[in-house]
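Copied from TrEMBL, the annotated features are:
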TRANSMEM  91-112  transmembrane segment
TRANSMEM  118-138  transmembrane segment
TRANSMEM  183-200  transmembrane segment
TRANSMEM  212-241  transmembrane segment
DOMAIN    214-340  domain 'O-antigen ligase-related'
TRANSMEM  248-269  transmembrane segment
TRANSMEM  328-348  transmembrane segment
TRANSMEM  360-378  transmembrane segment
REGION    402-425  region 'Disordered'
Amino acid sequence: MLLTGALVAVSSQGLLYAGAAIVAAAYLVVLLTVGARTTGILCFMGAFATAPMYRGIEQMTGGAPPTDVFVVAGIIHLAPTLIGTRLKLPIMYVLGLLLMAICSLISVMITGNLLVNAFYAGQWIFYVGALPLAIALWRPHYKIVDRLCWAYLAGHLLSTAKGFVEGSVNHGRYDGLTHHPNAFGIAGVTSIALVFYLFAHHTDVRTRVVLAAFAATSLASITMSGSRAALVVLVVIVLLVPLVERSALMGIGLAVVAALGIISLPLIVDVSGEGSAVSRLAGDGTAKFSDNVREGALSVGFDRFWHSPVLGSGFEGVEQFHNVYLEAAIATGIIGLLAYAAVLYPLARPLFTKHPMRRLTYVVWVFMGIAPTFPGLWDRTMWVPASLAALAMIKPDLLQTPRSDRAKETDEPEQSLVVAPQHAD
């Protein structure tokens, strides 16, 4: 009764508070009904569903980031599963993450505005390091991984539907439920990367048709967004597929499609209209302004980097420089940038192995490809799904993966710091 009264009192303070009270009440009902572990899984599904448009939703909720709330709540509810599990991770990843944390701490301590810099540094370390580690400790069953991926696709589908209904917001560009057209395009290419993973794990024709529809919708969102980087990275990721799948036939098919695309390019540019990713890539009028803004930001960014290239100059304001790698170098110095690369490499490398979860690392490759043009050092749109790539760093015998994939396993795991016992989800 006291709890009900408190929720009613809060809801009477305004629409936003009423919404928060409804969410809190629903959370309590779910927790009491299904238990902490299932609630934790549902929280992670909520995080994945909101990640494609996390900053857009954040603006709607008055600055409260639902994705962060879901992630933290999920980790808390799954804590009994995580505690006591020892990890078996690549040495490079562990040392790189440790060095990243040290460089971030030094940068925060020697630069001004301690609280602001610590806040941003914490976000970077959490999403690049702590969240993948939590996923690795959790080692969810592959069916749960599938649900998380489906949740992301559903979230982006909702955002795309909003884009269709709302129309363009700036010179023929759409942003859906996100805060910027580029973020909309990035969510689209990330969704397609997840489709690649799901497509390989689902042989049912109906499921694959649904996945193809998601891929088509995501491709439309990339074109609508006008994001040239998202379109180029998508092309590169598609070209990687024959290498990942080790299929010469698929490579020939892609070559034919590429040839047809080149021949049809003038028609595609004409049909896509001004502001689309294809049109902007071809150099329409809306692209020049973006190029000038980006070039100016990079010039200022490199000036700031050379001011303190070794120790860095802090995290405050780095998002304005439109290059994740430059942002890392500015914030933590060249050593911090090298540590960052040491963390990314073990997450990306499994794509070319025979690990059953290797296709989850497509998202990491998407991030690395878009990073030179994107101001998102701690971006949730890519790092929430990219955290699943940590599963591809774990020995397959310790994971619950589809039997069809486990039977194909031949690769030896790379050298690790500690040996982990098998952990059941």
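Keep in mind that glycine also has a Cβ here, set from the backbone N, Cα and C atoms.
Ranked by the number of CB pairs under 8 Å to the transmembrane segment (360-378), the listed stretches 118-138, 183-200, 328-348 are led by 183-200. Between the transmembrane segment (91-112) and the transmembrane segment (328-348), three or more CB pairs separated by 6 or more residues in sequence fall under 8 Å, so the two stretches touch. Remote same-chain partners of the transmembrane segment (183-200), defined as residues 6 or more beyond its termini with a Cβ less than 8 Å from a stretch Cβ, comprise 51-53, 55-56, 146, 149-150, 152-153, 156, 159-160, 163, 174-176, 208, 211, 214-215, 218-222, 224-227, 229-231, 233-234, 237, 241, 245, 277, 359-360, 362-363, 365-366, 370, 374, 376, 379, 381-382, 385.
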